[in-house]
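A.B. asks: Checked TrEMBL, it gives:
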COMPBIAS  41-54  compositional bias 'Basic residues'
DOMAIN    180-306  domain 'Palmitoyltransferase DHHC'
REGION    41-64  region 'Disordered'
TRANSMEM  97-119  transmembrane segment
TRANSMEM  125-144  transmembrane segment
TRANSMEM  223-246  transmembrane segment
TRANSMEM  266-287  transmembrane segment
Amino acid sequence: MNRARIVLTSTAGGADAVRFPEGFRKLEVFWTPDNKAKRARACRRSRSRSRSRRMSPAQRTRDIERQAGYLKPEHCVPPPPRSGAGTMWFIRDGCGITCAVITWFLVLYAEFVVVFVMLLPARSAAYSLFNGALFSGLAFLALASHAKAMCTDPGAVPKGNATKEFIESLQLKPGQVVYKCPKCCSIKPDRAHHCSVCKRCIKKMDHHCPWVNNCVGENNQKYFVLFTMYIALISFHALLMAAFHFVFCFEEDWKKCSSFSPPATVVLLILLCFEGLLFLIFTAVMFGTQVHSICSDETGIEQLKKEERRWAKRSKWMNMKVVFGHPFSIAWLSPFASPDHGKADLYQYIV
């Protein structure tokens, strides 16, 4: 068998030297007639790897997903039967559950200090009644919003729907593209991303928040925004009442300003002020970020990845109604009212 040894090099060594693009290394190729097809495949793989190194991770993922052979529907088992409508969504994540319990504990601690340290015994019935009802009402709405954000399906794509039957039902035309998630074996709608904690692809996913032990997506973004707003409001209210209480206690006898001892009262108020200031800053910033994301119709992940905008542009007011419901009403502020998306655009599988 005849064998020819060919040495390719990028080193400039004379008139007969072959020049290659930067990044090519010295390559020794052993060619035989019966291995011609194998060598051709190796060259194509080498060019593909070289091109992949010059692409960003997001571009490389999209390029792979555009290849029809990558879908491999035969490797996907049929999706499990969908649960009933009454089944509660809950993520079994240790870190998220711990953060959610801490959130409830801190809100209940603030409620205890406000009612039993600052408002009782009441030096003014009207003052105590008004502030007690206002703070308790806002705290109740905050916890209700937290529970709804945690136990609402954020928009999970059916798991394992990348089957041959489902792909055929899409009736793809030449040139049309669908994306498959290799982790949960799902055909992803446009603007969906995979969450490694929820282990699902989430439609219009903004981020995964451990404080609500859930992803923030198209179905529960309203409840998350309400949660941040109500926490910011009760934090500001608690700080305002704590400031008035300190002034009152300095002007009057400390024994008359609380049913607790003066040292215990000071410690409880300082802890409340620290908690209130910390959560006021955090939730106010998060609330502003979410409102801006809704108005610009661009999720946090899309901003971070700088993804190309492929969806129709709407007005800021229309984007707010898509999240909180059509039309504008007092139900926007209620965590118990599910948003009616009206004529909102459906997310497409084909892009």
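Cβ coordinates come from backbone N, Cα and C, glycine included.
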A.B. asks: What average pLDDT is reported by the model for the domain 'Palmitoyltransferase DHHC' (180-306)?
C.D. replies: 92
A.B. asks: Please indicate, using numbers and ranges, the residues of the same chain that are 6 or more beyond the transmembrane segment (223-246) and have a C-beta under 8 Å from a C-beta there.
C.D. replies: 107, 110, 113-114, 117-118, 131, 134-135, 138-139, 141-142, 145-146, 148-149, 152, 209, 212, 216, 257, 269, 272-273, 275-277, 279-280, 283-284, 286-287, 290-291, 294, 323, 333, 335
A.B. asks: Cβ under 8 Å, sequence separation of at least 6 from the ends of the transmembrane segment (266-287): give me the contacting residues as numbers and ranges.
C.D. replies: 106, 109-110, 113-114, 117-118, 225, 228-229, 231-232, 235-236, 238-239, 242, 245-246, 260
A.B. asks: Summarise the domain 'Palmitoyltransferase DHHC' (180-306) as counts of helix, strand and coil residues per DSSP.
C.D. replies: 75 helix, 19 strand, 33 coil
